[in-house]
Amino acid sequence: MKDLLRLRTSLTEEIERVLNEQIKMEADASAMYLAMSAWCDRNGFDCSAGYFKEQSDEEREHMLRLFKYVSDMGGRAVSPDVTNVQVEFESFRSVFEQALQQEIAVTQSFNRIADRCQKSKDYVTFTFLQWFLKEQIEEEYVARRALELFDVIGEEGTGQYEIDKRVPKIKYEDTY
Ligand SMILES: [Fe+2]
Ligand SMILES: [Fe+2]
């Protein structure tokens with residue numbers, strides 16, 4: 001069965017596996033952002049709650065984009081298990097620190113996949129990955145800018161209130 005499947009696709013087992021791992025990583029990121037949204041909501045940060053809900057939706061779109069590619073190529077896309085999603089966060093700031101760490105980890109993961117594609121001369125998947133590599137510039141930028149608000153505005157007084165209001169207004173311009 002396994003060999004029959006390989007005859008139907010140019011995707012190697014290794015690339016199919018790492019793409020499925022990335023599908024899971026995007027699903028985990030989506031669940032994490034939704035948990036962050038819920039935490040912000042119940043702590044009075046309603047603008048950030050909306051921002052993280054949007055991030056969660058975007059990560060699901062990323063997951064589906066990868067899922068479709070594996071399926072379109074005749075591979076076996078696996079709907080991932082998402083378990084043990086974090087519920088509590090230490091502080092408002094720590095939510096944003098974790099969000100940036102998550103985005104950096106995703107960028108590194110895509111770099112590793114691109115590296116494997118080059119090593120196995122899979123330029124079809126390598127080309128498909130370009131969208132994600134480019135997308136990570138924006139993802140890291142927005143997450144970093146959000147975290148910087150904590151230093152620029154400061155958390156004292158009405159600081160957290162101001163930070164919360166500013167978070168959804170962060171925009172990445174890819175024109176220069
Ligand atoms: Fe993503
Ligand atoms: Fe992301």
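Glycine is treated like the rest: Cβ placed from N, Cα and C.
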With GLU26, GLU59, HIS62, GLU103 listed by TrEMBL as Fe cation-binding, which of these, GLN130, GLN136, is given for the same site? GLN136
Give me the mean pLDDT over the domain 'Ferritin-like diiron' (9-154), rounded to a whole number. 97
Running a distance check here. Ligand 1 versus the binding-site residues GLU26, GLU59, GLN136: which have CB less than 6 Å from one of its atoms? GLU26, GLU59
Residue counts (helix, strand, coil, in that order) that DSSP gives for the domain 'Ferritin-like diiron' (9-154): 115 helix, 0 strand, 31 coil
Counting across all protein chains shown, how many other Cβ atoms sit within 10 Å of the Cβ of GLU26 (Fe cation binding site)? 23
Go through GLU59, GLU103, the listed binding-site residues, and name the one with the sparsest Cβ surroundings, counting other Cβ atoms within 10 Å. GLU103
